[in-house]
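Chemist: I'd like to ask some things about the structure below.
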Amino acid sequence: MSAQILDGKQLAAALREEIRRDVEELRAKRGIVPGLAVLLVGDDPASQSYVRGKQKASTEVGIHSVVERLPADLSEQTLLERIDHYNEDPSIHGILVQLPLPPQIAEDRVITRISPGKDVDGFHPWNVGRLYSGGEGFVPCTPAGILEMIRRNRIEIAGAHAVVVGRSGIVGKPVAQLLLRENATVTICHSKTKDLGFYTKQADILVAAVGRPGLITADMIKPGAVVIDVGINRVDGRLVGDVDFEAVKERAGWITPVPGGVGPMTITMLLYNTLWSAKRMGNVQ
Ligand SMILES: Nc1nc2c(c(=O)[nH]1)N[C@@H](CN(C=O)c1ccc(C(=O)N[C@@H](CCC(=O)O)C(=O)O)cc1)CN2
Ligand SMILES: [Mg+2]
């Protein structure tokens, strides 16, 4: 039997409507309009497209968004000064720097400069620490979107064996931590893992976040498993994930498509984090 599709596009649309209503209520009751500043350095076409998507989605839900497009040869110091500017701006509740950055700029120094209370990407060490210690903080958007997809489709996480393939700071490590927080038994695999299939075949929930097209084949799947594909690879002008979708969908119980799976949830959770930030800052002002 063919797997059920985890439709990120449809879920994202429903969530964005919920967020739009909350934004409107926050404005009407407390006079607060959530504000998001996006800093884009250079002219990478994929990054430009993601930033356009963020701006459009923000506007649609009533979030005030400022996009600053900066030249590829920008100095790190100038970028840090722009971050300081938005850290001080009371109309801005969320700041993000689109990644990747050009080689002359150190990603960690830039991320650390963002005020942890405005770090809607959840990449600042303070928020990373909160995720691991169990406290309140911003959760990175892609992992948060994956968890929301699983929960909203009433898929049981507690007690499941979740296997995460990939250990990036943006997806692999935080999604593993979120699944652990929900009482999954978590295994993390990566590019140096020997006999990857040995692990993936034991997964009730499999998250593939490596960036290698076709890495996960049908023989590596436990029948009925939940397969979450985070890969975004362009092959012959087509967008494909890390999972061999056509073959794997015949064996899995649930599967995310690429495009239209995890991707749209990423931007949705950014809207959610910005709204949450505005509500929270409104409380302390
Ligand atoms: N500062 C950040 N940089 C990057 C992040 C991030 O969360 N914060 N994540 C990725 C890029 N990204 C958002 O920035 C992102 C990637 C993919 C999608 C998406 O909707 N994908 C669609 C397909 C879109 C297409 O056709 O290209 C899908 O999968 O359906 C949204 C956002 C790296 N950088
Ligand atoms: Mg760099």
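The backbone N, Cα and C atoms fix where each Cβ goes, glycine too.
The following feature annotations were taken from TrEMBL:
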type    : residues                       : note
BINDING : Gly166, Arg167, Ser168, Ile232 : NADP(+) binding site
DOMAIN  : 6-121                          : domain 'Tetrahydrofolate dehydrogenase/cyclohydrolase catalytic'
DOMAIN  : 140-280                        : domain 'Tetrahydrofolate dehydrogenase/cyclohydrolase NAD(P)-binding'
Chemist: What does DSSP give as the helix, strand and coil breakdown of the domain 'Tetrahydrofolate dehydrogenase/cyclohydrolase catalytic' (6-121)?
Modeler: 63 helix, 19 strand, 34 coil
Chemist: Near Gly166 (NADP(+) binding site), which residues of its own chain have a C-beta under 8 A away, given they sit six or more steps off in sequence?
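Modeler: Looking at Cβ-Cβ distances below 8 Å from Gly166 (NADP(+) binding site), excluding near sequence neighbours, one finds Gly172, Cys189, His190, Val207, Ala208, Ala209, Val210, Gly211, Val230.
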Chemist: Which numbers of helix, strand and coil residues does DSSP report for the domain 'Tetrahydrofolate dehydrogenase/cyclohydrolase NAD(P)-binding' (140-280)?
Modeler: 53 helix, 28 strand, 60 coil
Chemist: So what sits near Arg167 (NADP(+) binding site) in its own chain, CB-to-CB under 8 Å and at least six residues off in sequence?
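Modeler: Expected: Lys173, Ile188, His190.
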Chemist: Give the number of CB atoms, excluding that of Ile232 (NADP(+) binding site) itself, located within 10 Å of its CB.
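Modeler: Taking all protein chains shown, Ile232 (NADP(+) binding site) has 19 Cβ neighbours within 10 Å.
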